[in-house]
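Written out below as structure tokens is the structure these notes cover.
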């Protein structure tokens, strides 16, 4: 075990000064020189945030029973209760797959405006209801095809793109009374200098000078243009990087701009995920000077068999049962978010923040008047804090004593509130999260703290923190069957709550003419994306479909109509589909297809139709309703179109997955 002494001093002067030194019982010493506390934009704390989007990560949340839904939202947003987030970052939906599914655009076409599509508006309002001071950040992952005007880039016609983003901002304000604080450019894709300048000018002209642009949302590349282009620098408020591995570039630091980890974490929310988040929350500042860290994602409200299951602060993917799970990363967030507010300042590395001599790190934060002090320690070991990305170089952490010396403005502090999380990875042991300890007494400006490996400790003058708790959620249950939906109870333009689009977008529409008469229903579900989108996923998904559940034996049926105008080439129902997300085009399962133009049907083992099992003729007339049914039971399958059985088999093809989604196209 090693000991260390930290001298933390803050003096009243034009520049505040902080002294730190370390000394262990083996007489090894680390002396940290004085550093000024510079109160500028680059050292200001902008808060801890989380992302809804990228994409469809919050899809199932809105369908929860109100009691449980409110509890989940309280855990995420209510100050001094749970994660108590300072920032909510949302996807500006683009009608295209963006990780877990497709989020609806507010403008499917240039003449179309609908500010009730999707759930991000609702989520932002719920966040504001709980914390009026939470900041809002919008970012596109993809764009509707019309924005590119026949091209594959949103930058070829920058005025169209700027107009599109402006309309989203205006809709937030005019229809939902939401003030957007930050905007990004294009998630993890190239930025364009001219477009950034234009977007800044368009926002200013429309009266949105308050909105700040976070440029990059990928790597630190924009720093070069900030240093060399004064107009671009003036348009850029902050540089945002994704999964920076706690490091920023030298160029980024030289800009003097706020540096953010504008997307980070993305790791399964078990104890190792908790260790990952705790480590990078501290070290993003200590190693990289980043003053805001934003987790992907906010809440895992999507099916577990989609990509990156439960890579979130908490899990809520069973609206039918009301079950949800408050997980460790949420409480790791609280170690910072409940003890510091945006507008506070980080104490500089070497002057109140830094690495611990026996492994781990600490950060200090103070309010603008230097009346409050918060220090967060983490001693996460390598193997217990690896994030999903990037790779983590090896390092060691040992138990250690830390003696903290407070001086200057902090010398009068006599007590620090003490909160602790202990992560245990031994079989049979359980971790403890965010537990309030007895306050630590400060004597003559000094106190000593023992830090074991894999712990997080917050010491603070802030007395308002709590570990909030709502009533126990209901137990987990499978998706209930039988399940049916005739889509009559949805507002036009809305997406059914249990269906998660993977390509294209499906929304409730009013029927007219013959379609309404034949169906005897005034409304139906319609795939509404008719132009190729400007995608975030590397490959275009040309067969729109929407998924739900996870079953083995299942019967899936849908009454479908193909219009004679803007018609699709093929429609299908499917079962045991094994993939969604950007890899959805590789999906395998069992598919029943109907091709109206050729009056053919097919049964295939994959979405790409490369593994055909059976096919034949079936006469279908456009603008007519027909029922497709696919039943899998006890290793057998039956396919029906209308009342006609077109295929059946006593055995399933060997490549058919054992379980998977039910799918409608």
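A Cβ is built for glycine as well, from the same backbone N, Cα and C atoms used for every other residue.
These numbers come from a predicted model, not from an experiment.
Per TrEMBL, the features are as follows:
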{"type": "ACT_SITE", "residues": "188", "note": "active site, proton donor/acceptor"}
{"type": "ACT_SITE", "residues": "263", "note": "active site, nucleophile"}
{"type": "DOMAIN", "residues": "45-338", "note": "domain 'Glycosyl hydrolase family 59 catalytic'"}
{"type": "DOMAIN", "residues": "352-465", "note": "domain 'Glycosyl hydrolase family 59 central'"}
{"type": "DOMAIN", "residues": "502-663", "note": "domain 'Glycosyl hydrolase family 59 C-terminal lectin'"}
{"type": "SIGNAL", "residues": "1-17", "note": "signal peptide"}
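Ranked by Cβ neighbours within 10 A across all protein chains shown, the active-site residues 188, 263 are led by 263. On a Cα basis, the residue listed as 'active site, nucleophile' lies 10 Å away from residue 188 (active site, proton donor/acceptor). Across the domain 'Glycosyl hydrolase family 59 central' (352-465), the DSSP tally of helix, strand and coil residues reads 0 helix, 52 strand, 62 coil. The average pLDDT the prediction assigns to the domain 'Glycosyl hydrolase family 59 central' (352-465) is 94.
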